[in-house]
Every structure is written in C-alpha cells, then in structure tokens.
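First comes the structure, then the notes that go with it.
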C-alpha cells in the first residue's frame with residue numbers, strides 16, 4: 001500500500017472542495033457565511049450582500065451525503081467523548097491530554113485524540129509529537145501514533161510552520177472536521193476523545209451534526225472554581241441541552257495548588273459561589289471530581305511528557321485517575 005505525506009495545500013484553500021465540479025465561487029466568503037452546502041446558503045443575513053448569493057442559492061439541497069460515510073468510518077469506535085469548556089484558559093486541552101494518557105495507560109484500550117481547536121491546536125505539542133506528519137494512502141489519512149495504543153489527529157501536523165496561523169471562517173472549518181471524521185483511518189478504538197475550542201462556536205455545532213448518527217456518548221465539561229468561569233460553563237451546559245448532547249459530567253480543574261515539596265494544598269481560585277460541585281447540584285449533572293494545580297503539569301505539557309507517568313504520587317495525578325474512573329463508569333465501561 002503506497003502512502004504520501006499530506007500536503008499543506010490541504011489547509012490552504014479548501015472551500016472549493018465542498019462545491020460540485022460545475023460550480024465555482026466568484027468572491028471570498030463573508031463573515032458568518034453559513035457555507036455553500038448549508039440549507040441556509042444564499043438565504044442567511046450574511047448572504048444578502050455577498051457576490052456568491054445566486055450561486056449558493058442554486059446549489060442542490062438535501063441530506064448531507066457525507067454523514068453516512070462518517071457514520072460508517074466511526075462505526076468501530078465504542079465511546080466518543082467531547083471535551084468542552086465555556087471559557088478559555090481553564091485547562092481543557094491539558095485535561096484532554098491527561099485523559100488520553102490515562103486511558104492509554106491501560107494496554108487493553110485503544111485510544112484516539114482528535115484536536116478540533118482548529119485555530120489554536122495544542123494537542124500535538126502536549127503529546128510530544130509535533131514533528132510527526134500525517135500520511136495518506138488509498139484507505140484514507142493515517143493518524144499520528146503517540147504510543148502503540150494512542151493515536152492523534154490535528155491540523156497542526158499539516159501546517160507549513162509550527163507558528164503558522166489558521167485564519168478560517170466556519171465553512172472551511174466544517175470541511176476539515178468532515179475530513180477528520182470521514183477520511184482518517186481510526187480503525188477500532190475504545191475511546192475517541194475530542195478536544196474542542198472554548199465556547200459554543202462552529203466547531204461544536206458541526207461536530208454534533210456530523211457525529212450524531214454515529215452516537216456521541218456525551219460531553220465532559222471542564223471549569224475552574226471561580227464564578228467568572230462558572231458563568232460561561234452555564235452557557236456551555238445550556239448549549240449541550242439545546243443541541244441534545246448528553247452531559248457526562250463536570251470536572252473542576254485548578255481547584256487548589258499543590259506544593260511539589262511539602263505536598264500542601266492551598267486555594268488559588270476561590271470558589272466564591274460554591275465552585276463546580278455546587279453548580280452540578282444546582283443543575284442536576286454529575287460532578288466527576290476536582291483536580292488540583294501542580295506546577296509540574298505545565299512543565300510536562302511543554303515537554304510533551306505524560307505528567308501521570310512522571311509524577312504518579314502527585315495529588316493531581318490521583319485526582320485525574322479518579323475522574324477517569326468516574327468517566328468510564330458514566331459511559332458504562334466499568
């Protein structure tokens with residue numbers, strides 16, 4: 001089977017690939033473009049002053065033909081988990097990385113980590129595989145294997161430079177998300193962990209739309225204890241409920257500071273309104289646990305090492321492992 005490295009052209013101008021061969025756009029898409037494949041193409045507010053309006057209105061509409069292909073490609077994955085946060089900076093991607101390391105520590109599990117933070121990908125750096133490339137064969141795209149039983153996929157692997165910016169609007173993001181779901185050869189996985197950007201944006205709407213038929217186990221929501229983070233988490237939970245996404249539970253990250261020397265713990269971000277646990281009781285969702293802040297987590301993330309393996313006795317490690325057990329119980333895996 002022949003393979004070749006995925007070219008950076010894949011991430012340069014992908015919009016045209018979602019159009020039928022006989023159509024072409026006259027101008028770049030405007031901000032808030034619903035995408036030429038959308039039911040709202042040519043009808044949305046953003047379309048009214050767009051030069052492509054007539055083209056998009058004339059495109060054939062109907063069920064997305066890629067969704068059955070996505071469902072088939074993901075049929076070998078037992079559990080699909082979205083990692084969400086209402087606000088950036090709460091450690092969502094860091095927790096996604098630690099969750100992936102923790103699950104793959106079980107040699108009997110096959111794990112995939114998919115980075116959907118398209119404009120700010122960070123999983124490859126934290127997993128220690130930034131120098132790897134994605135290969136394409138006649139069966140599809142091969143993800144990068146961090147370990148024998150841990151595969152990763154990110155746009156970062158396809159960028160010409162580590163610090164290259166991805167300046168895309170919704171429809172370009174949608175195309176890449178489709179490719180990650182339809183064309184990546186994930187094979188049989190026990191878990192696919194999906195890291196998403198903060199908030200409720202195009203990526204969240206698209207991943208839910210494209211994966212709904214294949215079955216999403218649910219969302220793991222990450223927050224920090226202070227009220228300003230909880231305010232946005234409430235919006236994230238509201239989004240999940242309106243979108244029909246099951247909420248597996250909430251993790252309170254950075255709930256205290258652990259001194260690496262004395263192992264003493266002190267509060268950095270005070271839970272002024274009761275923190276994540278109180279929020280879970282109020283909203284009737286499962287509280288998966290609290291994870292304290294250990295400064296060595298940042299160092300391990302920077303160096304692409306597993307904090308759980310490097311510091312197995314840290315209170316943060318023990319807390320993460322407890323959360324993983326609660327999560328596995330929530331999806332019926334233990």
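Numbering starts at 1 and runs along the chain as displayed.
Cβ atoms here come from the backbone N, Cα and C positions, even for glycine.
Record features (Swiss-Prot):
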type    : residues                       : note
BINDING : 33, 47, 50, 56                 : [4Fe-4S] cluster 1 binding site
BINDING : 86, 87, 88, 89, 90, 91, 92, 93 : ATP binding site
BINDING : 259, 262                       : [4Fe-4S] cluster 2 binding site
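Everything Swiss-Prot records as a feature, shown here on the structure.
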residue : record                          : CB count, 10 Å
33      : [4Fe-4S] cluster 1 binding site : 22
47      : [4Fe-4S] cluster 1 binding site : 21
50      : [4Fe-4S] cluster 1 binding site : 20
86      : ATP binding site                : 24
88      : ATP binding site                : 15
90      : ATP binding site                : 25
92      : ATP binding site                : 26
93      : ATP binding site                : 25
259     : [4Fe-4S] cluster 2 binding site : 11
262     : [4Fe-4S] cluster 2 binding site : 7
Worksheet item: Which has the fewest other Cβ atoms within 10 Å: 89, 91, the binding-site residues listed?
Response: 89
Worksheet entry | For residue 259 ([4Fe-4S] cluster 2 binding site), the three-state class that DSSP assigns | coil
Discussion item. Could you check which of the binding-site residues 33, 50, 56, 259, 262 is the closest Cα neighbour of residue 91 (ATP binding site)?
Written reply: 259
Worksheet item: What is the interatomic distance between the Cα atoms of residue 33 ([4Fe-4S] cluster 1 binding site) and residue 90 (ATP binding site), given in whole Å?
Response: 30
Practice prompt. Show which residues of the chain containing residue 87 (ATP binding site), separated from it by at least 6 in sequence, have their CB under 8 Å from its CB.
Written response: 198, 199, 223, 228, 229, 232, 233
Worksheet item: Any idea what the Cα distance is from residue 92 (ATP binding site) over to residue 47 ([4Fe-4S] cluster 1 binding site), rounded to a whole Å?
Response: 34
Discussion item. Can you give me the Cα-Cα distance between residue 86 (ATP binding site) and residue 50 ([4Fe-4S] cluster 1 binding site) in Å, rounded to a whole number?
Written reply: 32
Worksheet item: When the Cα of residue 262 ([4Fe-4S] cluster 2 binding site) is compared with the Cα of each of the binding-site residues 50, 56, 88, 89, which one is closest?
Response: 89
